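Q: Got a structure here, written out as C-alpha cells. Questions coming.
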Amino acid sequence: MSVRKMVAIDGNEACASVAYRVSEVAVIYPITPSSTMGELSDEWSAKGLTNIWGAVPQVVEMQSEGGAAGACHGAIQTGSLGTTFTASQGLLLMIPNMYKIAGELTPFCMHVTARTLATHALSIFGDQSDVMACRQTGFAILASASVQEAHDLASVAHGASLESRIPFLHFFDGFRTSHEVNKIELMTDDDLHAMIDDDLVAAHRARALTPDTPVTRGTAQNPDTFFQAQEARNPFYDACPAIVQSYMDRLAALTGRRYGLFDYVGHPQAERVVVIMGSGAETVAETVDWLVARGEKIGVVKVRLFRPFSVDAFVAALPVSVRAIAVLDRCKESGAIGEPLYLDVVGALARAKALGLRAGIVDPAVIGGRYGLSSKEFTPAMVKAIFDELAKANPKQAFTVGIEDDVTHLSLSVDRSFRIESADIKRSVFFGLGADGTVGANKNSIKIISDSPTIHGQGYFVYDSKKSGAITISHLRFGPRPIRAPYLIDEADFIACHHFSFLDKVDVLETAAVGATLLLNSPHDKDTVWDALPRPVQQTIIDRDLKLFVIDANKVAQETGMGQRINTIMQTCFFALSGVMPRDEAIEEIKKAISKTYARKSQKVIDANFAAVDQTLSRLQSVTIPGVLTGHALPPLVSAGAPDFVRNVTAVMLAGKGDSLPVSAMPVDGTWPTETARWEKRDIAQQVCSWDADLCIQCNKCVMVCPHAALRVKAVPAEAAAALPASMNSTPYKGKDDLKGSAYVLALSPEDCTGCGICVEACPGKDKATGARSLTMHAREDVVSACKENWEIFLDLPDVARTSLRPTVKNSQFMTPLFEFSGACQGCGETPYLKLLTQMWGDRLMIANATGCSSIYGGNLPTSPYAKDANGRGPAWSNSLFEDNAEFGLGFRLALDQHRSEAKRLLGALAPQLSGVLVDGLVANAANNDEAAIAAQRERVVSLRAELGGLTGWQARALEGLADYLVEKVVWIVGGDGWAYDIGYGGLDHVISSGRNVNILVMDTEVYSNTGGQQSKSTPIGASAKFSVAGKALPKKDLGQIAMANGHVYVASIAFGASDNQTLRALSEAVSYEGPSLIIAYSHCIAHGYDLTCGLSQQKLAIETGYWPLYRFDPRKMGVGPALSLDGVQPSRPIGDYMANEGRFRIIRDADPERYAMLLEAAEENVRSRWALLRQLAGVADEQEGARAAQ
C-alpha cells in the first residue's frame, strides 16, 4: 500500500485528482470556476499520467457544455467511464442530457463548482442555484463542504454510481471551496481502486451499446407505457442512499475520515439546530463547537446526499430534543413557499411523522433562510444571529442573513464584533492588483508553509470578474491544526499593501489587529513615507500600535528584470516579517517554488526571480512611527460633481463597502446607469506618457490605439487655445481641411491610464537627430499633478462638429469616444475596436455583447465604461448569455425594424394631419447612415413631435413613442472567438444566413481569454493553451471563408495595429451594407505570452508573415469584379518569426523541439494553402504561374 501525502491544494485540484484517476474519458468545456479541473485533466493526460487501471484517460474539449454532456452521454452509453466538470449556465445546458442519462440508468459522475445563475445579472461567484435547477433530473446530488471533502466524496460518488446505476452530480461551492487552498491528505491509487469495484466496471461494460449484442435505446414511447417505465426505476433510487453510505463507510475504513448522508455536530440534547449543505456547514459547525463549549444547546446537520433524499437518515441525524430548526438555502427560488432544502426538510418531517419515525417526539418549528448568494460572506457572527433568531418565541418564518433588507424586512441583525477564531492562528491579508502575481505568490506561500508536518495552511483569494487590473485580496491562515474557516479574515496580524495608491481608495487597515505588521510597497523610503500616508491611515497605525515596513518593490523589480511583477519581492518580505518559518529556510523554499512555477517559462525568468529575492531584504526598511498626524485627508472616491447614484451607490462599491448597501439601493431589474467609469479613477499606472508637441506629426495614431481612451485629442479654435495655461501644450493644426487654423491639443487622464505604453509604440513622430519620439513614458509622480489639471481643462474645450469630419482614421479620433476607462488589461487588443465603434456610431449604437472579456470590462459592476454624448445619447448595451448572443442581437434588429415599420405606418395614417414635406423627409431618410443626414433626420423628428403635440388620439401618442426609430440605429453583435467559433457558432451561422442587417464583430484573441486562456477552434496550430498544453495539432477554423461561402455576407479580416485605415474602412463598409456583416478582428492578448507594449509590432508581423491576412469581401461587388479584396501585403517573412515572439509557441519550442518543428512546418503549409485560396478567390494570379506564362 502506497503512502498517502499531505499537500496544500485547492478544491478543484482535490476533486480532479480523483475524477481523473477513476475515469477513462473526460469531456470538458471552460467555465469559471470549474475550468481548473479540466485544465489539470488535460495537463495530466498530456504528460501521460495514468488512471488506476494504468491507462491514460482521453481528455476532449467540446464546443459548449451541451456538447460536453452529449459526448459524455455517448461515451458512457458505449461502456466507458466518463466525467465532466462544469457550473452555472454550463450546467443548465447539460440538463437535457442529464434527464436522458438518468432515465437510462447509466453510471456517470459530473463534478460541479456550484455557482450563481444569471438572472438580473451575471455572476461568476458561488451559490447553489445551478445545482438546485437539476434536482428533478434524476441525478443523485452529493455535496462536499471542504477541500478534503471535495477529494473524498468524489471517490464516493464515482463508486456509488457504478453500484447504484444512478448518475451523480457531485458539487462543492464555487470559489469558496473550489479556489480555497487547504492542506489535505491525498488518496492513493490503491485507495481509489478499493473504492471502485472492478466487477461493477465490468457490468457497466457489459451494458455497452455495441453491434455485437445490439439493443435499441432512446425510443419514443406512447401514453400506454411511458408512465410505467418512469416508475420502473423506483427501486434503484430507493436503494441509492444505503449504497452511498456503504461507500462512505468504505472510505472511513481506508482513511479514517468518516462521513454520513447527514452528519450531526453539536450538543447531544440540542434544542436549536441548523440544517445546511456546502461550505457554510463548516462555518456553522465551527461556531456550534465554540458555542456548545460555552453552554449552548445547539447543533447543525450537514447535508451530504441531497438526492435521493433519505427521510430515515435525516430523522436519525436529528437530536430528539430539537425544538426549532433553521434550514439554510444558498439559492433563491422566486415565488416559491420556500427554498428547496427547506421544503425537503419540512416534507421529511411530515413524512417521518406519518410513518411513525418520530412517535412521541415534539414536532420542531421549522423556519427557512437564504444566505451566501453570489459568494456573499457567511460568518460565525451570522450563524450566531440565526441561533438567536431560533431562540425567539416567534422567529421569522422566512429570513435572510448577510444583507440589510430594508424593503421586505427579512434580514436578521448581526453583531459584527462576534468572533471565534483561536489566538494561535496566524492571519495575513494581502492587497494586490490582478496580474501582478500577488495571488500566485500567496498560493506558493501556503504550499511552502504547509510542507511543514506541524503547520496547516489555508488560502482564499478575493477578486472580481476582471482578470487583470482589479484589486485582489488574499486571505492566508496558518496554524497547528486543520483550518476549517471558510470565511474572510476580519482581524489580521499581518497586512501587505502591494500598491501605494490603494491607501487612498480602500480601507486597507480595516482588519488590522492591535500590534499587527503593515508592509507597504512604497515609492517613498522610511524617512519620507509617513508624510505621504493619508491622515486616517496614520491615525489607525498609531491607535492600533502597528509596525510599519516599506520597500520600493517596483524599483527592485525593474532593476532585476521582473518588469511590473512584484510578487516574489513582496513574498520574500512576508516571510522575513511574519515569522511563520525561519527566514533562511523560507528563502530556500521560495527559490524552489520559483523553479517549479516558472519551469515552463525560461531560465531567464527564473534567474530574474532569484535576483529579486536576493536583493529584497537589503531594501526592506523599518519605519519609526512619529506621534503626530502629518498626512493628507482622504480624497473623495468620486468628485462632488458626480450624479447622485454614483455618489450614493457606486462610490460605496468602489470603496469595497458594497456589502453595506441595503436592498432599497438596488435597481430592481438589473438596469444600471452608463457613464460611470469616468468617476472610478483607478490610478494604477506606474508610468504615463508625456507629449512633445514640437515633434508631433498629428497622425492621431496614439489616440487610436489607446486601449482605455485615456489619451484624447481635440482641434479647438485658436482663441480657445490662447487661453490655455502654460502647462498645457498645444500646437497649430497641420492639416489643410476644414480644421485649418485650429489648435491641436493632446491630453492624458493619468488616473485612467494603465501605463501600457502602446501609445509610445504607435508614435511615428521622431527627432531625426536623437531618435526621441513625440510621446515618451515618464514616472507617474513626475507629471501626474499637471496632467490631472490639464485633463479637466481639456474636457471643457469644445468638440469638433461630427458633421464636418470626413471618416478618416485621423478624423475619427476627434470624435469623442463613448467607451472609456474600462477595466480591461493593460495593452488590451480588443478595446480599441469597441472604442472606434462608439466614436463612429456611438449615439446610435446598440450592442449585444456575448459573455466573455468584453462583457466583463464592458459591464462588470461597479462602473460602466459606456458613456453619453453632450445630448445624452450613447451606446445601449446588454448581455444575454454566452451561447445565444447572435440570436440576441438579431432580436434587436427585429424589434428596430418592427418599430420603424410601425412608425412609418402611423406616419401614413396621420399624414393628412401633418406637413407633407416633413412626412416625406422622414420616410425617405429612415434608413440613412450618413452623419449629416442623421442630424437632419433628428431635426425632422423634433418637428414631428411638435406637430404631434397638437394632435389627439392614440395614433399620435403611439407615434410619439416610436418617432426616434425613424433615425437609423446601428446594431453591433460583439464577442470573442470562444463565442463566435465555438459555443455561439450555430447561432452566428443562422443569423448571417437570415440576411438581416446586423453587424458582427469578433474580437479574436484565439483563446477563451476570460476563463483563463483555454483553446478555442480559433487557436492556431502550434500554440499551447489550456486544454491543449502540448500544442494544438490542427489549424485554426477559417470563420471568414465559411461566412464568405454564403455569398450575401460582408466579411472582413482586420488588425488595427497593422492597418488602421483598412480597419476603419471595413467597419464603415459593414455598417453601410444592407445585410449581415462579419468582422474578424485580430486582438492581441496577455494569453499570448508577451509584453503587450509590443502588441502593434506583433500585429504587423502577423501580416508580414501571412499569419493574419487582411481582406474585405463585399457582396455588392459581385458581378462587376472580384468581391474579395486582399488588403494586406503578400507573406514576406517566415511564420516562425511571428511564433518566436509569443510564449504560447515558445513553450512548445523549448519543451519539445521535435514536435515544435513539426507544428511549425504544418503552420507554414497552412499559410501557403490559405493564401493560395485567398488569391484565387480575389482573382489574383499566382506569381509563379505568371512567371511561367511569361516564359
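Just so you know, glycine gets a Cβ as well, placed from its N, Cα and C.
Grabbed the feature section from Swiss-Prot, which reads as follows:
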type: DOMAIN; residues: 687-716; note: domain '4Fe-4S ferredoxin-type 1'
type: BINDING; residues: CYS696, CYS699, CYS702, CYS763; note: [4Fe-4S] cluster 1 binding site
type: BINDING; residues: CYS706, CYS753, CYS756, CYS759; note: [4Fe-4S] cluster 2 binding site
type: DOMAIN; residues: 744-773; note: domain '4Fe-4S ferredoxin-type 2'
type: BINDING; residues: CYS825, CYS828, CYS853, CYS1085; note: [4Fe-4S] cluster 3 binding site
Q: Given the binding-site residues CYS696, CYS699, CYS702, which lie within 10 A of CYS759 ([4Fe-4S] cluster 2 binding site) by CA-CA distance?
A: CYS702
Q: Please average pLDDT over the domain '4Fe-4S ferredoxin-type 1' (687-716) for the predicted structure.
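A: A mean pLDDT of 97 is what the predicted model shows over the domain '4Fe-4S ferredoxin-type 1' (687-716).
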Q: Looking at the binding-site residues listed here (CYS696, CYS699, CYS702, CYS753, CYS763), whose Cα lies nearest to that of CYS825 ([4Fe-4S] cluster 3 binding site)?
A: CYS753
Q: Express the distance between the Cα positions of CYS753 ([4Fe-4S] cluster 2 binding site) and CYS696 ([4Fe-4S] cluster 1 binding site) as a whole number of Å.
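A: Each residue's Cα considered, CYS753 ([4Fe-4S] cluster 2 binding site) and CYS696 ([4Fe-4S] cluster 1 binding site) end up 20 Å apart.
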Q: Which residues, in sequence order, are found in the same chain with Cβ within 8 Å of the centroid defined by the Cβ atoms of CYS706, CYS753, CYS756, CYS759 at the [4Fe-4S] cluster 2 site, excluding those residues themselves?
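A: Other same-chain residues with Cβ inside the cutoff are VAL688, CYS689, CYS702, VAL705, PRO707, HIS708, ALA710, LEU711, LEU748, THR754, GLY755, GLY757, ILE758.
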Q: Pull out the binding-site residues from the set CYS699, CYS828, CYS853, CYS1085 whose C-alpha sits within 10 Å of the C-alpha of CYS706 ([4Fe-4S] cluster 2 binding site).
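A: So the list is CYS828.
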Q: Look at each of the binding-site residues, CYS696, CYS699, CYS706, CYS825, and point out the one with the fewest other Cβ atoms around it within 10 Å.
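A: Minimum Cβ neighbour count within 10 Å, taken over the binding-site residues CYS696, CYS699, CYS706, CYS825, occurs at CYS699.
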Q: Just to confirm: which same-chain residues, 6+ apart in sequence, have a Cβ under 8 Å from the Cβ of CYS763 ([4Fe-4S] cluster 1 binding site)?
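A: Set apart from CYS763 ([4Fe-4S] cluster 1 binding site) by at least 6 residues yet with Cβ under 8 Å, we have LYS701, CYS702, ARG773, SER774, LEU775.
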Q: Fewest neighbouring Cβ atoms within 10 Å: which of the binding-site residues CYS753, CYS1085?
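A: Taking CYS753, CYS1085 as the binding-site residues, the minimal 10 Å Cβ count falls on CYS1085.
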Q: Among all protein chains shown, how many Cβ atoms are found within 10 Å of the Cβ of CYS853 ([4Fe-4S] cluster 3 binding site), not counting that one?
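A: So the number of other Cβ atoms within 10 Å of CYS853 ([4Fe-4S] cluster 3 binding site) is 30.
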Q: What residue among the binding-site residues CYS702, CYS756, CYS828 has the most other CB atoms lying within 10 A of its CB?
A: CYS828
Q: Determine, using Cα-Cα distances only, which of these binding-site residues is closest to CYS1085 ([4Fe-4S] cluster 3 binding site): CYS696, CYS699, CYS756.
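A: Smallest Cα separation from CYS1085 ([4Fe-4S] cluster 3 binding site) among CYS696, CYS699, CYS756: CYS756.
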